[in-house]
Each structure stands twice: as C-alpha cells, then as structure tokens.
C-alpha cells in the first residue's frame, strides 16, 4: 500500500500477473526456500521458490549441453545456481578476491569467475549443498548478493575512472549509498543463508513496497565524458556534474532499458530521459522517489511492459517528473551541460592525479579461467596475493588493478604478462562484448559468449581487408533479446533468434547515446558477414573524417535513425 495518494488513471487496470501473487504471498521473499534446501530428491528449487531465489541474487540454471543426454538417462536437468554478487561500483579487495577465487575453483561446476556487464562477478554451476556455504563465505569477507536479481534495484554501477581519483571516490560513495538506501529491508536473506534468528516483528518495505517493484530496476552513477556504464541501458542514472574537480550534483536520467520480446511491437529498447539537475542533498530522496513512482505506476498486469521506460511512455515524462518532484518536495533544476564521448575502458597503465597507477586488463567475455597457455584466473589470484590497492571490475567486463605504487608496477606487470593477461589484442576485440548465453542461461536462443571470439576474428579480417585494421566498430552479441550484453546500444548488434540465427541491428554510436535499428532479420553467419563486409568496405572509403561506423550507416541511408523508440524502432 503506497503512502502517497494514488491516481488510478495512471495505473494499468486488469488481472495482476502471477509474479505479483508470488511476491505478495512470499512472506517478504522467504517462501519455502529453507524447505527446498533440505530436499535431496531434486537439485533444484520448486514452485515459487524458483523465482524467489532471484531476489537473493541467484538464478536456477542447468547445463543445456547436457540436457538431452540426461533426459535419455531419465535424469532431471543438472540443476545448479548462478550467483551474482552485490558490488556497488565493482570495487573488491585483494583478500576478498582470493576467497572468491578459491570458492570458484573448489565448489563450482565450471571453475571460473565471470565478470559481468553489471560490474560485478558471477559464480556459475553451484550445486545445492554448496549454496548456503557460499553465502556464508561471502558474508565472512563482507560481500552479499541481496537484490542482484528479481524485481528490485539491482547492483548499482559507477564509472571506472581511477584517474580523477577524488571525483571517482565521491561518485563511488554515492553508488554505495544509493545501493544501501534502495535495498530490501526484509531479513529473509540473513535468516535463510546466514542463520540469523527470526524475530517476530511486522516487516514493511517502505521504499520497494510489500509486493516489491513491477520489474527489475537498474541504477548507475556516471562521470562524463566516460559512458562505460551505458546510461541508456538503465532505469535511473545520476550523471555527475563537477566544478573545479568537486562533485556539486547530478543530472538525473530516467527510463533507459534495452530488453524487448521478438515479435511483440509493444516492447522496444529506449534511451533514458533527462529530468534535470539536483544537488547532492537530494540524491537519496530522488533515487527513492523515482523508485516509488515506478512502484506505484509501473505495469503489474503485463510484465513485458512493466519496466520504467514503458511507464514513462504511458503516463508521459512530464507526469512522471511531476510526481517525483511532489514526493521529494523539490523541483529539478535545468540540466547542466555535459557530454559523453566514449565508453570503452582505457587499457594498460594510467596514472591518477594522486600519483597512484592503475592497470586495466582486457578479459575477453569477462571469463576468468585457466586456459591452455593462458592461466588468466591464476594470474589475477597471484596479483591479488601481492597487490596493496584494490581491484575494480568494469561494466565492460574487464578488470582494473587499481592503486599501484610506482615501485610495485614492475612486479604487477610481470605477473600479468606471465599469465597471458597483457597479450596484444586488437582495438576491435577490446570493443566487442557478449552476454553469457549458452550453455548456462535458460533464456538463450543462440550462442553469444562462445561465438564472440570467432565473430571478432572474422570482423578483424574484414577491417584488415579494407585497409582499416586499426579502426573498430562497437560490436556486441546477445543470445536473446533481454539485452544483458547491451547489443541494443552497439554500432553492430547481434540478437539471438535461434541456433545459429540472429537479428542484425545497425546504427548505434561510439558514445552509446543512440539505439540501433533492425537491418537483417533471422539470418545466419554468412549473411551477417557479407553485410558487414560490404558496409565496412563502403565506410572505409566514403566516411567523413572521424565518422564512426554507426553514424555512417545512418548518414548514407542504410538504416533510419531511431530518435523516438516507441514510434521509430519498429517502423
């Protein structure tokens, strides 16, 4: 029940989706998870608990490569969970890293650590007997996975910008404060996983509400001109405005999001909308009330239209903004000027204004594993054993060894080189990204992570063929249209349709401020590569000075520019 007057005309009327029943009946996210944990007959969670464990930071999965074989043997799928940690701003200490490295090696099916586009890490392939010990291990080192999935505010991202150290520290602190402020207040996580004794009290969720949010909600803190967090993929963004190197406030961008459903034209990716400027004293209240307005007016009837972007388009940006202002008790000021110019990570060594050095390592697909001749995961662990600063996961699935003193640079660099963490990589490969997809993601329709290295090699060949091997396009591949790999902000984005088949979208830009448009529908690799060969060839000779590939394909009419997603994206 909202503490604010509700305007029924702004709500979607109709029978609530079953997820709303599930949340309302869950006893503040407890369900019967503890009962399922004791059930040794199945390796999975049953009924409502299958969805409820998401609010605790886990997705139930199975290895889809093994499904058919296990079905033939009359066995259930090889149920396990993927855990996503809550790491606002992606900062992790060396001793924490060594603990998660050991757990991944000893207690997961795949032995890997996966850095993700949510600026955190994931464990894949954790079996039921190891789930509770996993949470207890994380708690012991000061990490949890509360609200990294489910209809809540997810892990809060923050620009990975160690160069401007003071400004980055301020932005990071706001990311951490926002994360804490928007967390569920239920003690379910502590009771179920950490053995906290249940206290008989009347629990309430003052921000999220007792039925939580209509859909997932994503938040960022970003320092222009770097858009490494891809603001337009997120529901709520705080764009840092600085004067003389000091943070003075934020422009607030609301309503970004990339997920859609194939064949459903009521769904589409959308850029975030700039509501205006706020001072630092209002940050937490604004964050809270963007969330409460979405809580009260988001669509709880049709989950496909439940995200903030659809609420904005349905009730109008002005109505949404006005409602937030009324609840906060402050009007947004005029937006302050800023510009995004790029979103890639800065690889190699950079020196911060505080004299500390930072080494950004390229981790293809964010997958840290010991490969033949490239023991990447061991390499990071060896660095963590001697490193005196911290490690920072980026929203581009890479890793920064941050805060290195000048006298320690040589040792860190030697360890990185010895373990294949500083191999020569093309600019194209550094600007390509994929979601996890098969074999673990239950939503995957086509390969993504396992296909990307091969696809990039093909694209590198095309660039070289046309004499522009040092150039690149922002290339992203996702296994389904839910958007985890942010393909709908790429210059060339592949979205899985079925085994070996993708939609090809073109026309994003290097700064991540434009949605691409469908160019080829449901096609295989040969057709995709032929199209890219032709268009990259044209780009190499017809482009204007400094013109990126995405700008070029729009200028010459290959695809139309998506200005307003609701009307343009499917047109």
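The backbone N, Cα and C atoms fix where each Cβ goes, and this holds for glycine too.
As recorded in Swiss-Prot:
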type	residues	note
BINDING	435, 441, 480, 484	[4Fe-4S] cluster binding site
BINDING	484	siroheme binding site
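Excluding the listed site residues 435, 441, 480, 484, the same chain places 436, 437, 443, 444, 448, 478, 479, 482, 483, 485 with Cβ atoms within 8 Å of the centre of the [4Fe-4S] cluster site Cβ atoms. The Cβ of residue 484 ([4Fe-4S] cluster binding site) lies under 8 Å from the Cβ of 116, 117, 435, 436, 478, each on the same chain and at least six residues away in sequence. Summarising the environment of residue 435 ([4Fe-4S] cluster binding site), the number of other Cβ atoms within 10 Å of its Cβ, over all protein chains shown, is 27.
Around the Cβ of residue 480 ([4Fe-4S] cluster binding site), the same chain contributes 437, 441, 443, 444, 445, 446, 495, 496, each under 8 angstroms and 6 or more positions distant in sequence.
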